[in-house]
C-alpha cells in the first residue's frame, strides 16, 4: 500500500523531473550549450504563473502561456548577451555567465515578487481520485500527460524532423552550417528560446506541488544535470527514462531511507558516473 | 619597467591601505571582509587564471575552513592556532580527494563535477547534525592566538583587521611566488599547451592535482578568519552568493594580474557595504557584473582600461602607472 503510493509519487515526480530537463536535453544534447540559470528561470516562471493566476485572475492555461512567454524572453535575452561566447563555443565562460544571470534573476524575483513564499492553487489541484489505493490529484496526472506529450513532440521534432537536423549541424560545425546557408544565429536564439519556454512550462506544471520561493531552483538544476547526463547527452528517450527512474528512486529513497538525502544520493550517483565514464559526456573528445 | 619599481611602491601602498579604514571613519569591518573574501578568491584565481579550469568547489574549501574553525573552537575550545591547522587540514584534504576524483576531467565536465561536489557538500551541511544542521554553529569565541608569553587575539573588527591584512599580504606574496615557481610555470604550460607540456616531460595530471590542492589552503584560511569575524558558521556559506562573488572577483578586473582579485573583491564588497541598494538590487549588480565581465569585456576592466589608454593616451607612456602593473 505504502509502496504503491510511493511508486505513484515517483512516477509523477519523475515526469516532473523529465519535464524540467527537456530544455537542457536540447540545449546540451543538440546545440552543445549550457545554462546554469536554468533553475532561476524555473523559479521566475513559477512566480509569473502564480502572479498571473492569483494577481491577474487569469485562467490557469493562460497563465501557463504567460510563463512560457516570459521564459522565451529570458532565453532570448541571455543568448543575446552571450552570442560572442556561443560562437566561440566557450562552454566554460557560458557556464559562468549563466551562473551570473541566475544570480541576477534571483535579485529580480526578490525585487518584483518579494521574499514571501507563495502557493499556486490551480483548479486541477482540487480534484483528486484514487488509483490502486493511492491518492493522486488531477494536477499530478496533468504533469504526467504533459511530460509524455513534451517528450513525444521532442522525439518526432528533433530526432525525425529537419529542425533537429539543422540544430545538430549547427552544433557540429557552426562555420560549415553557415556556409551551407543556415542562419546559425537564428538557430542559437531558437534553441535558447526553447530552453526558456520548456523550463517555464515545467515550472507552471510542477510548481503548484511546492511553495514558491526566490530560493527554489537549486534542486531543479541538480535534477536536470542528473537526468541529462544519466540519460545520455542528447538522447530524448534516455532523458525521459532517466527522469522517470530518478523520480522513482527519489520517492523510494525519500520514503524508506531519508528524504533529506534523496537528491544528494542521486547526485552522488551522477558524480560516480561522470568520473567513471567521462566520455559519456565528452563534448569533443578530451575537451579542446 | 614598472615591474622593477613595484617592490618599492608596494610598501607605501600597503601602509596606506592598512591605515585606510581608520581614516575613513572606522570601517574596519568592511575592510576585513574584503581582505577575507579576496584571500578566498585567490585560491580560485590560481585555478582559473593559471591552470585554466573553472572550479566551482572553492566555496567548499572556504566553508570547510570555516566549519573546522567553528567546530573546533566551540566543541573543543581550541585556540586560534589549532583551528588554523584544522581549517587548513580540512580544506586541503577535501581538495585532495576532489582533485583525485576529477583528475581526468577537463573544462566543462570538471566544472560540472566540482559544482556537484558543492551541491553535495551543501546538502550534507544542511542535514548533518554533527555540523549543526541548518542552524549551523553559533557562538564561536573571538580569535585567540597565544604565542608564548604573548596573547595575541582580536575581539572586534578593529583588532581583527591587522590579522586579515597580514594574511592578505602573505597571500599576495604566496601567489606571486607561485607564479614564479616551477609549478606555476608548468601550470601555465599545461594550461596553454597540454601537448607540448606532455612532450616536455611534464606530468600533466600531477601538475593539475598539485595546483588544485595548493589552491585550497587559500580559500580555507579565509574561511578560518571568516568564522571568527562572523562568530557564526552555517550552510549559507554554500549559497551561490559566495560562488558568484569569488568568480566575479576573479574575472572582473583581469586574468593573471596579481592585484586583480583583490581589486575585484574590493569593488564588489565596497559596493555592498558603502553603496548598497538592498540585497535584491545588490544581487542584480553582482550577477550583472559577472555577465558583463565575461560577455562584454573579455579582458575584464583591465583590458578595458588598456584599450581606452591605448586609444586616448598614445603619446603618453606615463599612463602606465596603474597599481596592477606587475603580474
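Numbers run from 1 along the shown chain.
For all residues, glycine too, the Cβ spot is worked out from N, Cα and C.
Just so you know, TrEMBL annotations never went through curation; they're auto-generated.
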*Of the residue ranges B:176-196, B:281-301, the one that TrEMBL records as transmembrane segment*: B:281-301
*If we call contact 3 or more Cβ pairs under 8 Å (sequence gap 6 or more), are the transmembrane segment (B:30-48) and the transmembrane segment (B:281-301) touching?*
no
*Long-range environment of the transmembrane segment (B:281-301) - Cβ separation under 8 angstroms, sequence gap at least 6*: 241, 244-245, 247-248, 251-255, 260, 268, 271-272, 307
_Considering the transmembrane segment (B:108-128), which listed stretch of B:55-74, B:80-101, B:158-175 counts the most C-beta pairs under 8 Å_ = B:55-74
*Name the range, of those listed as B:5-24, B:80-101, B:209-228, B:240-269, that has the largest tally of Cβ pairs under 8 Å with the transmembrane segment (B:55-74).*
B:209-228
*Rank B:5-24, B:80-101, B:158-175, B:240-269 by Cβ pairs under 8 Å to the transmembrane segment (B:209-228) and hand me the top one.*
B:80-101
